[in-house]
Structures are given as structure tokens and as C-alpha cells.
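The structure appears below as C-alpha cells.
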Amino acid sequence: MGNILRCFKGDDDGGDHYPYYKPTSRPHYQPPHYHGQPAAPPAPLQQQHLGPHGVTPSTVGVAALAHDLLNFESTSMVPDGLSQHVVSSRKAQVKWYQKLLEAYKNTTPPPKTPANAAQLIARALNMIQRADLEGILEFYNLPIPSLPTASSNYQPSLLPEGVQFVLNTLPVYDKCIGDGDGFTAYVPTTDPRESANVPLEVHELVIARTQARKCRDYQSADALLSSLDEAGYKIISCSDDEVLARKYRIRMRGIDAPELKMPYGKESRTALVKLIGGKSVKIYVYDLDQFGRYVGDIYCNNLFIQEQMLKNGHAWHFKTYDKRPEFARWEREARAANRGLWASGNPEKPWDWRRDQRNARQDAIQVY
């Protein structure tokens with residue numbers, strides 16, 4: 001715990017600086033000052049009064065964090081007052097402090113300014129929901145770091161030709177897999193591409209829900225969850241934490257699986273569930289289709305999912321929209337081996353089935 005002990009002693013090197021910060025869901029954040037009096041400029045470091053442990057008023061939050069981490073290492077107890085600022089359970093808070101303690105020990109030199117401490121907390125707890133993160137920072141009276149811009153790490157030259165962007169999802173729920181070629185995925189808003197694009201309305205809904213839960217107004221909290229869903233976002237429980245995530249409807253590029261009501265439709269969906277259910281996936285997005293779905297190539301545990309679906313006879317090659325020769329080859333291999341849907345000899349094409357269904361509905365309307 002050398003870093004934590006050094007925090008109480010202070011450091012005279014003067015090498016620290018404040019990076020630029022701007023609040024997101026708290027747009028009116030200002031440093032505290034006495035009502036009716038203008039905030040006085042900070043005195044030079046050597047002129048500031050030193051409090052207990054040699055801590056200046058401007059660094060009291062840094063010292064409090066160090067004290068709480070030292071206490072947590074000895075007792076495994078989180079600060080009593082933290083629950084008034086966050087909504088997640090005590091068990092989740094313990095996990096946060098385990099991560100914070102590890103990050104603090106690995107930081108050299110230890111954080112000596114509020115800005116440094118805020119950055120450490122934001123990095124160590126980058127997977128918790130934004131409202132909880134802001135609650136912890138508020139608890140220690142630390143500034144709220146600005147979110148990274150969407151283009152800060154974006155390198156389109158490294159992406160395959162035609163790929164617009166990449167999604168790294170949370171584990172895919174089995175119930176979110178609709179059939180053998182489509183599913184709904186959620187991407188955490190801590191992802192750099194997502195973080196800068198979360199609407200202010202969504203931030204406000206999350207904060208309002210947090211306040212409602214603190215007041216035990218669970219009916220209002222549930223209503224706010226519904227509003228989040230309508231905005232295309234969801235709060236997802238992840239390892240005792242809650243993560244704010246954006247919803248994406250995904251269509252797998254280049255394949256067409258039997259519809260659920262077709263022969264082999266349920267088997268095709270089951271095959272996809274076995275491949276990605278409960279797992280995180282990487283999606284290389286090419287475009288948006290007419291139904292608002294993101295069309296892309298899917299990878300999971302180093303497997304190319306379209307390849308697995310085609311090779312095992314769980315889907316057709318959708319030649320109309322994808323001319324990749326390897327897709328045609330994988331389908332031929334499955335046909336030759338009578339795998340999956342090809343075991344029936346002459347399976348109906350899904351696009352033909354959908355056309356017949358549309359025509360049947362139109363005929364029924366005309367007869368009526």
C-alpha cells in the first residue's frame with residue numbers, strides 16, 4: 001500500500017496538471033463555493049493551509065479515497081455513505097473497491113489531484129453504469145471526466161473493405177436470438193464509439209431512475225426503464241453491476257436461414273443459440289437494411305459464425321446480396337454431406353417461402 005501511504009504525505013514535484021473535463025449528464029456542474037460570495041482563486045500550494053495528514057482542502061477527496069481504500073484492504077468494508085450516492089447493491093460496491101484497490105496499487109505515482117483520482121476511478125470502473133460512476137465521483141467530490149470522442153481510436157484503414165464500424169457486444173441473450181440469421185445485441189455505452197453519442201435525454205432518464213430507486217419509488221423506476229427502451233437503450237445486469245447499453249438489431253450478412261415456421265426453422269435457431277447464446281460477439285457492420293437492422297459479419301470466440309452456419313447446413317447462401325465465393329463453397333460442402341437442412345433432399349428456399357406468404361396475405365385481402 002505504498003501508493004496510498006504516499007498520498008497522505010503529499011509530493012512537492014509539482015508535475016501534475018488538470019486535463020480538460022466537461023460533465024455529461026450533469027451539465028451544470030461547478031466547483032463548490034459559498035452562496036453570495038464569488039469563488040476565490042486557489043492560493044499557491046505553499047500558502048494553502050495543510051489539514052490532517054498534510055492534506056490541502058483541494059485534495060481532500062483524493063485523501064478520502066486513499067483512506068477508504070486502505071480501510072477496505074484491512075476490513076473489506078466499503079464506505080457507509082456511498083449507498084446514498086449510487087443505486088447498485090452493497091455486493092456490487094465491494095467488487096468496485098476490489099478493482100479500485102488493484103488499480104491504485106498499480107498506479108505510480110499515486111494520484112495527487114482530483115483530476116488524477118477521477119481518471120483512476122473512471123478507468124478502473126469503466127464497465128459500471130454512468131449514473132453509478134458519477135455517484136462515486138460525487139461522493140468524493142471529484143470532477144466528472146469527459147467521455148472520449150467517437151473518432152479518437154477510429155482507424156478505418158484497418159477495417160475490411162466495406163465495413164463501416166465494429167460493434168463489441170455484451171453477452172447475447174438466448175431469447176434475443178430470433179432465428180438462424182438475426183438477433184438483438186446490446187453494446188455498453190462505455191464503448192468509445194457509443195459514449196460520445198448517448199443522447200442527453202438518455203442520461204437524464206438514467207439519473208431520474210437512480211433517484212427513484214433511492215426513494216424506493218420502484219413504479220416510477222420501472223416506467224423510466226420503459227422510456228429508456230423506447231429510446232433504444234437498456235440497463236443490463238452484469239456480474240452484480242448494472243450497465244447502460246444501446247440496442248442493435250442485427251442481420252447476418254450473406255446467409256438466409258429458414259423462418260421459424262418453416263421446416264428446420266427451429267433447428268437453425270437452436271444452432272445459432274449454441275454458437276453465440278450467452279457470449280459476447282464482434283460485429284463488422286456493412287450497412288443498414290430496409291427494416292432498420294444492421295447487416296454484418298459475426299465473430300464469436302474466434303469463429304466466423306456465418307461460416308459455421310453454412311458448413312453445418314443451418315442456412316442458405318444468400319447469393320442475391322452476397323457474392324463471396326467461400327460462402328458458395330461452404331454451402332456446397334454441406335449439401336454434398338447432407339448436413340442440417342440438406343438432409344431433407346429438396347428444402348424450400350426461405351426467400352421463396354416469404355414471397356408465397358406475402359402473396360397469400362394479399363389474396364386473402366382481395367377475397368375479403
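For all residues, glycine too, the Cβ spot is worked out from N, Cα and C.
Here is what Swiss-Prot records for this protein:
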- R251: active site (ACT_SITE)
- E259: active site (ACT_SITE)
- R293: active site (ACT_SITE)
- D181, D256: Ca(2+) binding site (BINDING)
- 27-38: compositional bias 'Low complexity' (COMPBIAS)
- 168-344: domain 'TNase-like' (DOMAIN)
- G2: N-myristoyl glycine (LIPID)
- C7: S-palmitoyl cysteine (LIPID)
- 16-56: region 'Disordered' (REGION)
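Everything Swiss-Prot records as a feature, shown here on the structure.
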| residue | record | Cβ contacts under 8 Å, 6 or more apart |
| --- | --- | --- |
| D181 | Ca(2+) binding site | R251, M252, I255, D256, A257, S268, L272, M309, A315 |
| E259 | active site | D179, G265, P350, W353, R354 |
| R293 | active site | G182, R249, I250, R251 |
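For the domain 'TNase-like' (168-344), the mean pLDDT of the prediction comes to 94. Here the Cβ of R251 (active site) has 21 other Cβ atoms within 10 Å, regardless of which shown protein chain they belong to. DSSP assigns R251 (active site) to a strand. Neighbour count (other Cβ atoms within 10 Å of the Cβ, all protein chains): 22 for D256 (Ca(2+) binding site).
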